[in-house]
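Colleague: Take this structure, written in structure tokens, and hold onto it; I'll ask about it next.
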């Protein structure tokens with residue numbers, strides 16, 4: 001879910017230097033991260049072939065944690081040859097909203113690498129601590145592909161714990177080589193690329209291959225795979241598909257985490273088996289699971305095996321409990337979820353077949369229905385959304401919120417006041433739904449940030465509230481959009 005963006009502070013224009021100076025009581029201290037805003041952003045970025053931008057919000061805890069590491073990295077990189085400039089933009093300031101939208105800022109902090117004077121932008125996908133930031137940006141600022149000149153170079157470059165792509169070319173020119181370099185430039189934030197003139201130096205695979213050939217090295221499954229189609233789109237598809245394990249392992253080993261991220265980001269249907277990998281029955285469960293994986297290989301389905309101990313965040317996200325393991329969850333391309341709790345080894349193939357044939361109903365995450373719902377702002381959960389909003393025959397203002405969202409916390413007492421205002425009006429309901437704990441299946445609600453407020457009139461019209469967050473403005477909005485038919489009939493009945 002996206003977060004709302006808006007807040008900006010200082011600006012100052014630099015003539016020759018790209019550092020800010022702040023005066024302190026004990027003298028002047030150089031700040032290596034440059035603060036920009038809408039007034040000087042484009043001018044500054046246009047002067048750099050390579051620059052890194054952090055879009056942040058002052059209240060964001062992750063941004064506060066990143067700040068000293070980002071500043072330390074900026075200090076080190078200022079001495080790099082050539083220097084690498086790090087800047088920051090307060091994307092919560094209203095005057096910087098257009099910048100945030102332009103760079104698709106959907107959460108804080110968002111880091112972008114801008115190249116060629118800002119003409120090309122890519123996501124920063126590196127570490128968040130100073131030394132890691134420095135090493136990652138040094139690689140990103142250099143060539144997209146590293147030339148490998150010896151067997152020692154190849155062994156050091158490729159290693160055995162990451163995905164590395166190496167192109168072997170008799171000569172470093174021609175259409176195949178140019179297309180390979182274009183691929184390396186496009187995917188450089190996700191993978192490491194190298195090129196070599198003789199495949200005999202490569203540590204795995206056929207050494208007598210004459211090339212041109214692309215060889216992808218990986219620490220799982222078949223360990224390497226070759227490809228000889230140099231169409232850029234075909235190359236990209238090959239890299240993306242070959243870099244996902246047949247079964248992604250989700251455990252506490254940090255070296256597996258990049259593959260878990262790739263698993264969740266891939267466009268396929270996702271099948272996830274969560275279990276205790278230390279249990280006595282895990283071997284038979286894994287064996288049957290891998291049989292199913294082989295059966296569905298190449299059919300647009302990705303598979304993950306998650307250890308119970310490492311999967312607590314996933315359990316919270318999907319709204320499931322430890323008592324349900326062994327547990328299979330399917331997340332399809334449309335975002336629908338399907339669940340099989342306490343699955344046995346012999347049930348895996350049959351249940352997945354039923355899913356493919358459309359025989360398994362979707363699973364909808366919902367908080368429990370409140371035993372009491374007596375506060376002015378009524379609580380809606382996924383299991384009561386239909387009855388309380390769509391079938392109530394009332395005019396409903398519904399806030400989608402997140403418990404940790406600062407903007408939601410500021411809005412809460414205002415909605416309480418609005419709800420109290422309508423307490424004696426049986427035709428108006430003010431309600432809220434925790435969008436982090438309930439699935440929102442209805443296509444009428446497109447929740448991309450917190451808070452998101454919708455109004456559904458009694459006659460079925462749905463509108464998004466985008467006005468000021470004051471009691472008066474919200475009441476005016478309700479009055480201008482409500483349907484009074486039910487109210488008027490109720491008055492007649494009373495008369």
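Cβ from N, Cα, C; glycine included.
TrEMBL does not curate its annotations; it predicts them automatically.
What TrEMBL lists as signal peptide is 1-23. According to TrEMBL, the domain 'Thioredoxin' annotation covers 9-142, 355-483. Per TrEMBL, disulfide bond is recorded for 60-63, 405-408.
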Colleague: Do me a favour and check the Cα-Cα span between residue 60 (disulfide bond) and residue 405 (disulfide bond); whole Å is fine.
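Modeller: It is 10 Å, counting Cα to Cα.
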Colleague: Between residue 63 (disulfide bond) and residue 405 (disulfide bond), how far is it from one CA atom to the other, in Å?
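Modeller: Residue 63 (disulfide bond) to residue 405 (disulfide bond), Cα-Cα distance: 15 Å.
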Colleague: Restricting attention to the domain 'Thioredoxin' (355-483), give the mean pLDDT.
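Modeller: Mean pLDDT for the domain 'Thioredoxin' (355-483): 95.
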